[in-house]
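Below is one structure; the comments refer to it alone.
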Amino acid sequence: MANYLDELNEVQKLAVQATQGPVMVIAGAGSGKTRVLTYRIAHLINNGVDAFNILALTFTNKAAREMKERIAKVVGESEAKSIWMGTFHSVFARILRVEAPRLGYPSNFTIYDQQDALSVMRKVIKDLQLDIDVYKPKTLLHRISQFKNNLITVRAYYNNPELMDADAAALKPKTGEVYQAYVERCFKSGAMDFDDLLLRTNEILTRFPEVLAKYQERFKYILVDEYQDTNHSQYLIVKALASRYENICVVGDDAQSIYAFRGANIRNILNFKKDYNDAQSFALEQNYRSTQNIVNAANNIIKNNRDQLEKNVWTANQEGNKIPVYRALTDADEARFITSKIFELKMNENFQEEDFAILYRTNAQSRALEEALRKKNIPYRIYGGISFFQRKEIKDLVSYLRLLVNKKDEEALLRIINYPKRGIGDSTIQKLLVYADEHHLSLFEVMENLNQHGPRLGVSSGVIKKLHDFTTMIQSFGVLLKNNNIYDLGLQIAKQSGLLNTLREDETPEGITRMENLQELLNSMQGYAEEQEQLEGGDPSLQGFLENIALATDADNENEDSNKVALMTVHLAKGLEFPVVFVAGLEENLFPSQMNLNTRQELEEERRLFYVALTRAEQQAFLTYSVSRARWGKIIDAEPSRFLEEIDDKFLDWVNPAPISTFNNSGLDESIFGGQPISHFERKRPKDFQKKKLNLSSKKDLKPLEKAKIQQGVSAHQELKVGQKVIHDRFGRGEVKALSGEPSNEKATILFETSGEKNLLLKFAKLRILN
DNA sequence: GTAGAGGGTCTTTTT
DNA sequence: GACCCTCTAC
């Protein structure tokens, strides 16, 4: 147990041993960051620091859990348990359970997720009678999130002419009113959204010095992982808590800051030394994860960014293979390539499914990949997307539970008041809402006192009865809550509310899945209760369970140790590593995203994202792009990502630069650009062509021309002649027997030596001509 | 009060 | 192609 220091290199060791005062660790990709954090905490404890005085903030729940396990191995289970370790959101939610009443929130406040927040926002905009096309709920929610993350409260907003002018200029002069109404509505429901968890923590630490002092004393040693991704609100919390003892250690990598859209401020890490003059800093530069080729290629990419701290990531690992770059014709083709590579590597090199990850920029890209994986019977798991707890059937049952914990939770109530159907329709609900508002009551308070309020609602006695029945049912669940564990409670609610029956009636495959999901939720309730009961200081309560799932992410779902290919966005892959990584969809407007091309900062973030993607790979990386892709249900053209050209060709292996049957897109008027036929040249010297083309693409004004070349450059008619010998990836050698079809849809009849005669669509068949 | 059809919008990433 | 909203018919 004492020899953990021997497992560290010199710099790592110094970072672990510098226990006092502010410390910054800049940790390059794969440089053993987690190891340093883990051993640093262990080292603190071994040197007499009370585990109880340590606060460690991580980016995901999973990271916290894993670190805790590793620490337990060094210092023992019971010590490790006392450390406060978790995400900002979960740690401060826990603190707010105690402290939030100071701000008028109930201690059993609900945590509104994105869906809830969106739904509140829609109602707010409707209430204020604003044009929903101008006041877009999502946009406003994002704007308000920015306000909150910068500690701009409603009042601060109204005191800030610049912000108000900006919103007025954006034709949204009522933004302040929306903000205010949104905040009030959440408050009335006893609910906090994600940003509130940080904002309200800040508010409490600022307004109540005695509370601040309490937590400063408690958290004498603070560690923050992924510091480059903290936002201003998080930054201020850390700063306040650390200001007494200044035993703060931040770990991160500016090159991996990828959450600006969520308010992350890369300046926090860039300016750490200004915040703490006497800060020691350490740079971990040796990469233990990846091959030289991967590390070098990644360095090629990131050096194009202007805003960054000096560092030189290197590795002593073996050189490794070059990184294949595959040019696909369609997204399906891309998926096919990836899956066949997986298949091949599994067969030939003894890889397991779990050794592979397929990373992409947007969740929507998973579809084509899934289809291809299913076709080849390769087990996979998708991370992210719609998480389990966001599913309708799950949220329905959870809403019953939420209402039990917090009767003011309006989102929950409105979701279930008429689901399953019990004849309480929109007009009734509207009347209830208006009445509750006028009398400053919550909806449920009105419903609990129907004797008093019922006659004044202006609804029929039949409806009153229905409302009464619903209220009685909820109250009876409240009784169950007192006498049962949460699993039994959940089961009873599912039965008595009619949810279970409604789902059972639906015998479609989707319906059956929903049923299974509900069962899964109940299982997880049981699992949670059992686990927490065994845990010292555990919280087996319903409230604890709800908080847990509100802040859970998909990646946290430790779904047994199944052997599956992982599919996820690059964002989700941060902090993970895989022997073989595919980065798919390396196309302009996709990666980098078209939304992030407006400023240098945005583009640099996309570049960091690509850097993160590539550095996930240990032994082998593959990069793929497609010249056409289905988006918005339409097929659109695509050009290779500018990031590909940023990597030196000596690290890359262009797999199939120019198949003769180029995708021929008819959407663009080819006559505009004219066209010298360049196809001949392309085919003979594919690599040069690639290079040239990519270089061209960096010059903006040449883009249209370059595009035109891709589209009409290599017409199959120019290339293919009857009698020509060709080779096909799957069918092998053959001879062209006939050509037919429109220019955009040409077909060739080819007699293959082994597979017989085939009729192939040239835009999909990858043929090479044999001379 | 409900169900189903049709039409418009949207997707970049997430605690 | 998914989702949400609105409209229409019962």
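Glycine too: its Cβ is placed from the backbone N, Cα and C atoms.
In TrEMBL this protein carries:
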DOMAIN    A:6-291  domain 'UvrD-like helicase ATP-binding'
BINDING   A:Ala27, A:Gly28, A:Ala29, A:Gly30, A:Ser31, A:Gly32, A:Lys33, A:Thr34  ATP binding site
DOMAIN    A:292-575  domain 'UvrD-like helicase C-terminal'
Per-residue pLDDT averaged over the domain 'UvrD-like helicase C-terminal' (A:292-575), given as an integer: 88
Least surrounded among the binding-site residues, given as A:Ala27, A:Ala29, when other CB atoms within 10 Å are counted: A:Ala29
Cβ neighbour count (within 10 Å, all chains shown) around A:Gly30 (ATP binding site): 23
DSSP three-state assignment for A:Gly30 (ATP binding site): coil
CB within-chain contacts under 8 A for A:Gly32 (ATP binding site), separation at least 6: A:Leu8, A:Asn9, A:Gln12, A:Leu284, A:Gln286, A:Tyr288
Binding-site residues compared (A:Ser31, A:Thr34) - the one with the fewest other Cβ atoms within 10 Å: A:Thr34
The one of A:Gly28, A:Lys33 whose CB sees the fewest other CB atoms within 10 Å, among these binding-site residues: A:Lys33
Check: same-chain CB within 8 A of ATP site center, minus A:Ala27, A:Gly28, A:Ala29, A:Gly30, A:Ser31, A:Gly32, A:Lys33, A:Thr34: A:Asp253, A:Leu284, A:Asn287, A:Tyr288, A:Arg289
